[in-house]
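Trainee: So TrEMBL has the following annotated:
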type     : residues : note
ACT_SITE : ASP72    : active site, proton acceptor
SITE     : ARG12    : site 'Important for substrate specificity'
SITE     : THR73    : site 'Important for substrate specificity'
SITE     : GLN157   : site 'Important for substrate specificity'
Amino acid sequence: MEPIILASGSLRRQEYFKLLGLPFSIMPAHIDEIPERGLEPRKQAENFAVQKVNRIIELLSARLPGWIFGADTLISVDGDVYGKPADREDARRMLNRLRGREHEVVTAMALYNGKEKTLDCRSVVSTLSFAPLSDEEIEWYINTGEWQGAAGAYKIQGLAECFVTGIKGSYSGIVGLPMHEFYVMLKENGYPYGD
């Protein structure tokens, strides 16, 4: 199989790539991930995923690889978009907003095919419900540090799963890489998966 540059430092995405047996190298694309006010969450996540791929294309313009993959996960509640919290107070604000509510988790994926010079972008929206957390539960969770580097200030694959009362959609998409949709994306773009 052909190697893919993963334009992400996400450990979860790396784990999923390994699970799929994909040869990859990690090259985090450092972009400003500040949500644009008024932009629909799905479009915002797609913009970030494409920006990550374009950043790697820009950095490697002299010798473009065959495949580059970027992704971004955002949380949306009542039209407000949340990425990764900047600090403990930001994490507390996000968790207060999410407690006892349903919210959307948007994961966008961008795949560059160097042979065809094409860039495909897709997104998956899942819905997650949180229990009505107490202030003490939020403080306990913040003190674990698990919120760091996580969209919406929580990691469903960790301790935050204790707070989840329901999921509609893709669990792996909530974690950061919707496996089914990613597999389909690879196949439809001519990636020699399984060859």
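For all residues, glycine too, the Cβ spot is worked out from N, Cα and C.
TrEMBL: automatically predicted annotations, no manual curation.
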Trainee: Can you give me the Cα-Cα distance between GLN157 (site 'Important for substrate specificity') and ARG12 (site 'Important for substrate specificity') in Å, rounded to a whole number?
Mentor: 9
Trainee: Ten-angstrom check, please: count other Cβ atoms within 10 Å of the Cβ of ARG12 (site 'Important for substrate specificity'), all chains counted.
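Mentor: I count 18 other Cβ atoms within 10 Å of it.
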Trainee: Excluding near sequence neighbours, so keeping only residues 6 or more apart in the same chain, what lies with its CB under 8 A of THR73 (site 'Important for substrate specificity')?
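Mentor: When sequence neighbours closer than 6 are ignored, THR73 (site 'Important for substrate specificity') has ALA45, VAL105, VAL106, THR107, ALA108, ALA151, GLY173, ILE174, GLY176 within Cβ distance under 8 Å.
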Trainee: DSSP three-state call for GLN157 (site 'Important for substrate specificity'): helix, strand or coil?
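Mentor: Where GLN157 (site 'Important for substrate specificity') sits, the three-state DSSP reduction gives coil.
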